[in-house]
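Chemist: My structure is below; once you've seen it, I'll send some questions.
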């Protein structure tokens, strides 16, 4: 386990040394990784940092409002409304890796726009060790690692937490006095709900995935999973009222893990499973069935794409 106080001082020194008297931007997603990296960078360089939250349209329910409230102490916070641009770029794309690359590239382009406006030279990211391992091992790319476009209009990228595991990031977040909603929050992928949708990302699938993930996080909070999620994985026949429907299949997944490198599917009681399926199928008329994923990692990854 990392020595938290020592790490914080070293990370702030690294950030300050790399960026010097120039300006930097950092992307905020609301997750613990990017939030902790932002807090570190803000302590290191203060107003030289512009925190950028890009509303991709791929975020969790209520995410944007939470960002506004949590980071209102940062005068430089910028919220970019980019939902239409992301959905336009993703239209028709079904390949998981291409989706990640499209999202990664669009993220960088959004950052570049803000960076030009504030005359920033550096990009700070919340990349952690498991991100690098999965990307280097070609398990899958991460939007802030393998998903980066080949040409980036920044002088450099600073990744102060690149050697930390998720539980160590949480320790750092607590030491920085970040709110519990940030430090204890379940992991959420950088590409957002796009990797919880098999195939093309559409507004209808996003609406289903967003509400289903909200239900799952609420219902499973007492189980204290390392990560819990819902994914739209395809279509199947169901019955609504007296009519047959060909509706969406939602897969629920809840795992225990220390660092995300390996994970075990949680055993959930029947009443909890039934309550989730009732809420999810009741929230959207086009959801035909809900299934529970019992696969560990390996052989599966935690996310579906």
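Cβ atoms here come from the backbone N, Cα and C positions, even for glycine.
Copying in the features that Swiss-Prot gives for the protein in this structure:
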type	residues	note
BINDING	29, 30, 31, 32, 33, 34, 35	ATP binding site
DOMAIN	2-185	domain 'GMPS ATP-PPase'
Chemist: Using the recorded ATP site (29, 30, 31, 32, 33, 34, 35) as reference, state which further residues of the same chain have their Cβ within 8 Å of the centre of those residues' Cβ atoms, listed in sequence order.
Modeler: 28, 36, 37, 126, 182, 185, 188
Chemist: With an 8 Å cut-off on Cβ-Cβ distance and a minimum sequence separation of at least 6, pull the same-chain contacts of residue 31 (ATP binding site), or say none.
Modeler: 126, 185, 187, 188, 190
Chemist: Cβ-Cβ under 8 Å from residue 32 (ATP binding site), same chain, 6 or more residues apart: which ones?
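Modeler: In sequence order, the residues whose Cβ lies under 8 Å from that of residue 32 (ATP binding site) (at least 6 apart) are 166, 169, 170, 173, 178, 182, 183, 184, 185, 187.
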Chemist: If you count Cβ atoms within 10 Å of the Cβ of residue 33 (ATP binding site), leaving out that atom itself, what do you get?
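Modeler: Its Cβ shell of radius 10 Å holds 24 other Cβ atoms.
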Chemist: 10 Å Cβ neighbour count around residue 35 (ATP binding site)?
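Modeler: I count 27 other Cβ atoms within 10 Å of it.
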Chemist: Within 10 angstroms of the C-beta of residue 29 (ATP binding site), what count of other C-beta atoms is obtained when all protein chains are considered?
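Modeler: I count 26 other Cβ atoms within 10 Å of it.
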Chemist: Ranking the binding-site residues 30, 34 by other Cβ atoms within 10 Å, which is at the bottom?
Modeler: 30
